[in-house]
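Student: Pasting a structure below so you can have a look.
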Amino acid sequence: MCLKCYQNFYQNNKAKPTNFSSLTFWSPTDVSMMNHALALARRGAERGEIPVGAVVVHDGQILGEGFNCPISTHDPTHHAEIVALRQACERVQNYRLPIGSTLYVTLEPCTMCFGSLIHARVSRVVFGAYEPKAGAVTSQLTLAKESFYNHVINIQGGLLANESSMMLSQFFKQRRADKKKAKIESRLSDGH
């Protein structure tokens, strides 16, 4: 979702994000890692997956990375965040990541992914595009603000949001066009 769409969404729904840390300056590492996540998202899109990419970083080193792949793996838990977390936890040989770990993801996390981020003890999440339908940290829910969790995650959103939003929009536009084409071809082959 682009910034303008995001603002319209909140204005029309009379809601305001309550756990949103807006930065006026992103570090070169932040930008570099989000670009890496975008490249991963493109790889997913090339495989017919919804284009979301994620990277787990600690002390400037990538611990894990991944892109959405629930369709190809027949596994609804294979969101980009989960794939990256699994790889990072395997690398550090612990289900809890080192203090100071950051997850960069091209789309605001859902509830499943947010729960995994809590359990893995990720310190910071930087996301690109807002997810108005299922976003669990700013758009629909503000789970990071809940006091019952035993871990606090610093949430920052909007980094390269336009790039992430455009990739998602193009993917779904192409998917709709492909479905329409398949429907027309099916009708023609049935003689309608």
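From the backbone N, Cα and C atoms, a Cβ is placed for every residue, glycine too.
Pulled the feature table from TrEMBL, pasting it below:
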type     : residues              : note
DOMAIN   : 28-138                : domain 'CMP/dCMP-type deaminase'
BINDING  : HIS79, CYS110, CYS113 : Zn(2+) binding site
ACT_SITE : GLU81                 : active site, proton donor
Student: Determine, to the nearest whole angstrom, how far the Cα atom of CYS113 (Zn(2+) binding site) is from the Cα atom of GLU81 (active site, proton donor).
Tutor: 6
Student: Using C-alpha atoms only, work out the spacing between GLU81 (active site, proton donor) and CYS110 (Zn(2+) binding site) and round it to an integer in Å.
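Tutor: That comes out at 10 Å between the alpha carbons.
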Student: Taking the binding-site residues one at a time (CYS110, CYS113), which has its Cβ surrounded by the most other Cβ atoms within 10 Å?
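Tutor: When each Cβ's neighbours within 10 Å are tallied, CYS113 tops the list.
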Student: Between HIS79, GLU81, which of the recorded positions has the fewest other CB atoms within 10 angstroms in the structure shown?
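Tutor: Taking HIS79, GLU81 as the recorded positions, the minimal 10 Å Cβ count falls on HIS79.
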Student: Taking the center of the Cβ atoms of HIS79, CYS110, CYS113 at the recorded Zn(2+) site, which other residues in this chain have a Cβ no more than 8 Å from that point?
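Tutor: Here the nearby residues are ALA80, GLU81, ILE82, PRO109, THR111, MET112, PHE114, SER116, ALA136.
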Student: Provide the three-state secondary structure of GLU81 (active site, proton donor) computed with DSSP.
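Tutor: Once the DSSP labels are grouped into three classes, GLU81 (active site, proton donor) ends up as helix.
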